[in-house]
Amino acid sequence: MAPIEYLLFEEPTGYAVFKVKLQQDDIGSRLKEVQEQINDFGAFTKLIELVSFAPFKGAAEALENANDISEGLVSESLKAILDLNLPKASSKKKNITLAISDKNLGPSIKEEFPYVDCISNELAQDLIRGVRLHGEKLFKGLQSGDLERAQLGLGHAYSRAKVKFSVQKNDNHIIQAIALLDQLDKDINTFAMRVKEWYGWHFPELAKLVPDNYTFAKLVLFIKDKASLNDDSLHDLAALLNEDSGIAQRVIDNARISMGQDISETDMENVCVFAQRVASLADYRRQLYDYLCEKMHTVAPNLSELIGEVIGARLISHAGSLTNLSKQAASTVQILGAEKALFRALKTKGNTPKYGLIYHSGFISKASAKNKGRISRYLANKCSMASRIDNYSEEPSNVFGSVLKKQVEQRLEFYNTGKPTLKNELAIQEAMELYNKDKPAAEVEETKEKESSKKRKLEDDDEEKKEKKEKKSKKEKKEKKEKKDKKEKKDKKEKKDKKKKSKD
């Protein structure tokens, strides 16, 4: 491998380019002596030399460059410093080697500078570690603690941009919750089947009498040894079976004539421990479902009202976030979750799928076979609208979702009976009225007061203008009258003077 000639170091305050003076032909460059030299500042300065340091103009530029580097892109700032400080390729020397910390940045630099070969091997990482260790001494003009503060500020800004933290619209928890809910459903089903099979050796008839997994696990914990069941257990059994004394009595009767074998206390103890795990997982699954519903009503109330909390959460999870879902067209929302079928249909030139995740909605199951595609298209359109309202409204409310749901129900009825549906304009007007109605009385009163004060101000301005106009007109009339009087006096005087002259 070619020796390293230059080193690129990305600081939170700017980019630095170093020239590597280490004679890498020596076998020592591959031994511990190099790492020891790196730890000593005096010895490390003999290995590298600062060529140029280009500071960022501000925190915004630093964050922009950090985002570019994380995505493996060459920013304009990085391109400029490399262009100015790396020697151009010549006939004698065609390529230049540059040590970088992130190997994903290499292809982008190679694309911009074809004569630069990027290296991120162990030696390159050791040299970069040395620069990071002695940064305050290498970059002149920096005070103690400046680099740490810059790193902290940039780290917070970068993390905030990545997480996109928002108390009201933190949809990341929804994505994690729905993924965990799906996993729990699979695990509970698998574990419950194992409990049924295991306990079935002792009491095989119970599985047919009680098909529900959670109830079965609870009964296993209560019954344990089937021989302990008697008529006194009827009341407690009925409590576990939703007060169904008929099934409880059948359980007791079957326990007396059961074909199952007896099992030891140790085996029964293990069965009960596993049944307890299934019951606790089922309890946690219920808590998680309640949490998901609550979170969906906070983050995406209209989408939840329209299509349900679970399907809405699946749509958000599949899109990546509520913002991504709101940016997608209704046709994309319609087939979310059916990508494999879509690409298979495009490849074989067959019929594309009509629905994806929204297939599990009650609206599509209610529609007839010929109307399933039509209602799925209409429902996807309303889901797209609901997600946009949820994402961009400052105070999300479920009133728009309830009106959109009403429209979908009416459209479903229209396909069956031909009854006309509510128009979009009227539906939105109705939703806006409900939205304003739901606002607190104080807020509505404040809005009314603002409107009335604005109206009063306009009326006062009109009156003031009217008064000014009247004053102006009076003044003009007065001036005209004065001019007329002056003219009349002048005319009389002139006539008098003429008569006097004629007599003389």
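Please read every residue number as a count from 1 along the shown chain.
Every residue, even glycine, has its Cβ placed from backbone N, Cα and C.
Residues annotated as domain 'Nop' in Swiss-Prot: 299-417.
Per Swiss-Prot, the feature phosphoserine maps to SER321; the stated evidence is a large-scale study or a structure entry. Neighbour count (other Cβ atoms within 10 Å of the Cβ, all protein chains): 17 for SER321 (phosphoserine).
Annotation source Swiss-Prot lists compositional bias 'Basic and acidic residues' at 439-452.
Marked as region 'Disordered' by Swiss-Prot: 439-504.
Among the features that Swiss-Prot reports, compositional bias 'Basic residues' is placed at 468-504. Beyond the compositional bias 'Basic residues' (468-504), no same-chain residue lying 6 or more positions past its ends has a Cβ under 8 Å from any Cβ of the stretch.
Look at the compositional bias 'Basic residues' (468-504): DSSP puts its residues at 36 helix, 0 strand, 1 coil.
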